[in-house]
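Colleague: Sending over a structure as structure tokens; questions will come in a sec.
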């Protein structure tokens, strides 16, 4: 009779588990959207305190409540490999010497592209407008000078660089900044506890607050605007990566083309072959990192800028010093009046003078704002001005030299040294957009918009300096194909302009949103920014789009391809997360299964990795069905990226209990910024996890006992009760602590102002170390630790439902599935031995 009852009970539990895995449940399954992803109050989570474990009984309770102890990292170990894990944003301001050293490095990484623009700007301009009078030269020079002064100097150096996200730049950094202040992220995993991260919020000024709140409300309410913002960001990022393809091809070919006409027999085939060899060398050295590349290249670029300035002064003094008249913007009007349509078409060549300006912002994470500003204002800006003045002076005397203006204007005795320097500078110019491409891809991966790829951190001092092998070799192959296909800098320059101006327009739009929403700038000034710079960029875009059939289609193809990859990945990830939320297991079923979970509990700790920040994932039921036994301690680990560059280590992890006390199940949410480095040694990870979990149990027991005693009128009759007696059910079926385990600063301040006498507990209250239920749980945890750790990973297959529309099936079943199959897996990311991993497959119908 007893055996029949046991069999019947086991069959009932299996039936319950099967219903759980199919998403059906007798309990309520609540839809979770972005604004309500965590019904658990942030106060129900625990962030661990000092290394001082609470072993002093209740005598220190009053002091503990009044003054919050310093919190330390629980089990974050990435700082073992990178000494400055938080980068330059959480330490004291860098010294002047280190800032100047960084500024010197920026010459080799950031400004190479802009520094090589004198090689091809005037040749591009005067290919559309023949020089027939001085107005042509002075007008073109005036356009170039004011373009450099307005876009790189005024827009980027003085405005856009200040819109950085804790020192991180680029379109995704702007998107992250916007996501912090308005919940526009399409992935609904935001928690109230995230807002307590010290780097999550900035101090907002008070003026224009109501307008900012209205904009925030509109962005959060309309899903179409969320999608529009995301598409805008992805478009800008795609353009930057496309720039990483075109910049090396354009720069290297422009430099090597100086041999044509100078070396007999050096034709187009030799030009293409030489350029491809140089490109191969350039991409091969990327694995050494931008720091080493920067220090290697910076002296050459410093010499290059000095040469530009010196040759410019030489030509200015020798040929025609009156070109200084171009500082008068009236010549711009005269230029367009004389050349009309041809003058507008010539803007496609003028825009090449600011190529690489976006790298100042995109590469910001590799350096600092001050270093980039110092290098541009003291070296790059004056040297470029002198170079263009000198070339214009030479053209005033030799107007037929526009096609080879740079090399013709070089003094005869200096041709070969300058040619060698120009070739080196062209190679270096490519470094700016290659580094920017790496940064953008890493940010996109962290924010769920790019498949997981292997990232190598190349510097122990600057965590932003990275190398992505797959992207590096992809860029190299594409660059070589572009050079071999076009075989001319003219068509490449047409493509080049569209990519550059497209990125600038996206930055202008996003910075305007930052001004209105975050900076709360005066409305007149906020409108003035896009009105001035947006108008200039629209004019340039209209000019370069006219060349779409002359090579301008190339960046659009590259951008469209990367846009599709990133949007499909984000779209599939959001659908998968929403499916997991809807199918998560109700606690009603877990209670019916009992503390044994419908199977055998064996000693050991199971770390189940999932993406849910709340609730029990459906994959857990699949483990219970497929495995003959389950571990005595289960920890649901969620690796979550929040829209901040860096999460301080002491605020990295959130812990809470899942289910009643005798279930021995816990949840850990590990929060990372998109710039954080994850290099975890699994042995250290496991040890620190156990230490952290033990702290949590002690803190929980103390808080429960404290809450009970504070709520009882007769303190002398109080005894410490079990956690099970104080557990309640929340609306989603998750166990909720009655007591707050994590308090924000405002709550602690109010607590500090309460009477100390009311917080004093009598000596008759049982100390935490003498709580038998706590000691039993700690001994069970130690026994589980000795038995070892197992990593439980779910291998999810995402499929579109049969009734889905055609494009959704195509995107999810083929493109997204292909990317998931070929991207970097969880086991490789965590560096866990295969013998410690158990994987279970599951299909998500979205």
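Numbers run from 1 along the shown chain.
Quick reminder: no glycine exception, Cβ is built from N, Cα and C everywhere.
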Colleague: Can you dig out which of the ranges 171-189, 190-208, 209-227, 228-246 TrEMBL describes as transmembrane segment?
Modeller: 228-246
Colleague: Can you give the mean pLDDT for the domain 'K+ potassium transporter C-terminal' (603-844), rounded to a whole number?
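Modeller: Summing pLDDT over the domain 'K+ potassium transporter C-terminal' (603-844) and dividing by its length gives 70.
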Colleague: So are the transmembrane segment (374-394) and the transmembrane segment (137-158) touching or not, going by 3+ C-beta pairs under 8 A with a sequence gap of 6 or more?
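Modeller: In this chain the transmembrane segment (374-394) contacts the transmembrane segment (137-158) - 3 or more Cβ pairs sit under 8 Å.
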Colleague: Where else in the chain does the transmembrane segment (228-246) make close Cβ contacts, counting only residues six or more beyond its ends and a cut-off under 8 Å?
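Modeller: For the transmembrane segment (228-246), the sequence-distant neighbours (Cβ-Cβ under 8 Å, at least 6 residues beyond its ends) are 170-172, 174-175, 178, 184, 186, 219, 358, 362, 433-434, 436-437, 440-441, 443-444, 449, 471, 475, 478-479, 482, 492, 495-496, 499-500, 502-503, 506-507, 509-510, 513, 554-555, 558-563, 566-567, 570.
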Colleague: So what's near the transmembrane segment (498-518) in sequence-distant terms, Cβ-Cβ under 8 Å and 6+ beyond its ends?
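Modeller: Beyond its ends, the transmembrane segment (498-518) has Cβ neighbours at 151, 155, 159-160, 163, 171, 174-175, 177-178, 181-182, 202, 204, 211-212, 215-216, 219, 229, 232-233, 235-236, 239-240, 242-243, 246, 351-352, 354-358, 361, 525-526, 529-530, 533-534, 537-538, 540-541, 544-545, 547-548, 552, 555-556, 558-559.
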Colleague: Any residues 6+ beyond the ends of the transmembrane segment (341-362) with a Cβ under 8 Å from its own?
Modeller: 110-115, 117, 120-129, 139-140, 143-144, 147-148, 151-152, 156-157, 160-161, 164, 169-171, 240, 243, 247, 250, 335, 372, 376, 384, 388, 429, 432-433, 435-436, 439-440, 493-494, 496-497, 500-501, 503-504, 507, 539-540, 542-544, 546-547
